[in-house]
Amino acid sequence: ISCFQGCLSDSGSEQNGAVPGEAVKKDENTRRGNWGNQIEFVLTSVGYAVGLGNVWRFPYLCYRNGGVPGAFMFPYFIMLVFCGIPLFFMELSFGQFASLGCLGVWKVSPMFKGVGYGMMVVSTYIGIYYNVVICIAFYYFFMSMTSLLPWTYCNNQWNTKDCSGVVGTSYANATALMSNFTELANRTVKRTSPSEEYWKYYVLNISDDIGNFGEVRLPILGCLAVSWVVVFLCLIRGVKSSGKVVYFTATFPYVVLTILFIRGITLDGAINGIKYYLTPQWQKILDAKVWGDAASQIFYSLGCAWGGLITMASYNKFHNNCFRYRDSIIISVTNCATSVYAGFVIFSILGFMAHNLGVNVADVADHGPGLAFVAYPEALTLLPISPLWSLLFFFMLILLGLGTQFCLLETLVTAIVDEIGTDWIIRNKTYVTLGVAILGFLLGVPLTTQAGIYWLLLMDNYAASFSLVVISCIMCVCIMYVYGHVNYFKDVEMMLGFPPPVFFRICWRFISPVIITFILVFTVIQYKPITYNNYIYPGWSLVIGFLMALSSVICIPIYARKLRQLLGIEGRISKQRLKNAVKPHHTWGPALQEHRIGRYAPTVSPSADRGVEAPLHEKEKETETEKKPEEISLTIQGSNGSTHNPDTTA
């Protein structure tokens, strides 16, 4: 890896971001920092987009909604092309142009800065419970370091009389396995597997109600501390350290997936699982739920509206080509391809498990924590040298989770540092990272109690659900219709050297907002109260869930109202106040002075005779006083925050 990085630093890093035909520019942002090279950014973004949902949610949605080549993949591909990739490119170009995080970029229209705060709230919620999932994967990883997996048999103190294992004294004794299952089938009580009871009664020691917190599970709490320490150490120098770590965390999961896939397809019954995964059900293509699931999966799996894409792109060099066959397209396609590939791995193992149990694949298929910590671990007990495969599987989950967690934490830290913006806070960014990590650990402690799994699923289902759709829609409308699509297209052209393709212009202005609205409507219509196995959440907990969802969206109108009150002294009529609130801040534009060209170029004021350059807002006022009245009105109408020729104004 060190040799590979050396080659990149010698050759690729100097060319990073150079527009073809343009002289290479040393545009390193020494005050804020940049990625070491293009590969680091791509790998970090891949690690951010490819997470646990690709392994435990996509395969389940796929088989439930018509199979890979069937009814599900057609709308999935449509949503990827017309919504996923365009929104991905928009967020990358947005953050890269201003070199600011999810808060700072809203200098483009200060009244909508609440969108940035909403992104921070969402990232906070996800970061809290996501690391709890990672810590549980750590726990299973540590427990797999044994000659016999502890969830193999039913002879443990935590097992109940309903527990029935599928592993006999000898793995090769298939007759004993089937006899065991036949005896199980004759029971009137539903079978509980050793892995399920290990999960419920030993790992979680789950309580009977979400309000009954019980005690803190100390082993899980310890693993949570380990998880946060790992995340902090990997981000101790910001993107300079995380950019090196992702060479491993973003690539090794594919090695593990490939090893598990090769092992899986060689097992008895694996082909039945893969057939089940691939069997098309075209009759479902007219079902609105299939289209809604496809759209939601694309939207959530790419990480749109979390603030992470804007943050990661803000550390790019200004002229980095974040579109053409590299960043936006490669990362989006890699995310979707990983989901499909993971489905083959999961269903090959589930097919083997169904074969041994003598049941249908649908009876062992699951999603979410049920797949990661119950169904799959049970399948692993049926494999020879099961601890080895268990170590590989949970190590893969850890790496997938860490890739996303890095970006979630960096999003919060970058937003705080950019907002304060002093030299001291920039120099001491490590302490900000440590503070956020400690706070995240403390907020995650309730999720390690006996009722923690209830709260984790509540946050997963509500904290980052329809609120993401609302935030993304408002962001799209603000950039295209408040700031102005022509202004934004010119910004992208100035940054990349070419304007956005016509396809992306159409998607940004019309198609993507329509699809986002469809996702929102579908989410509301298809809403069902959350349940966990047979447990029905009480009404008061659902209210808390909705409050979590609203807490990110409510930031938008609260901040807009506050800003209008602050700007009230600048205009006597509400129309003027509104214009002042939505027009770009005078500092909006490229971060480095060498990139502020064209309409962002500073003008010389009378103070230049004294060797002093006037501030941008003063130059704007001085220039406006020299214009004709009609020219002034044109400039204000199309203002992007700096003085420019009316002929070039959108």
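Just so it is clear, glycine is given a Cβ too, placed from its N, Cα and C backbone atoms.
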Which range of 41-60, 361-380 is transmembrane segment, per TrEMBL
41-60
Looking only at the recorded stretches 115-142, 328-354, 463-486, 539-560, which one has the largest tally of CB-CB distances under 8 Å to the transmembrane segment (388-409)?
115-142
Select the most exposed residue of Ala49, Val50, Cys163, Leu400, where exposure means the fewest other Cβ atoms within 10 Å, treating these as the recorded positions.
Cys163
Taking 10 A as the limit, how many CB atoms besides its own sit near the CB of Cys154 (disulfide bond)?
19
For Ser301 (Na(+) 1 binding site), which residues of its chain lie six or more apart in sequence with Cβ-Cβ distance below 8 Å?
Ala49, Gly51, Gly53, Asn54, Arg57, Phe58, Asn335, Cys336, Ser339
Which residues of the chain, 6 or more past the ends of the transmembrane segment (245-265), have a CB below 8 A from one of its CBs?
1, 4-5, 39-40, 43-44, 46-47, 50, 234, 271, 274, 338, 341-342, 344-345, 348-349, 352, 383, 389, 392-393, 395-396, 399-400, 402-403, 406
Ranking 218-236, 328-354, 463-486 by the number of C-beta pairs under 8 Å to the transmembrane segment (41-60), which range is first?
328-354
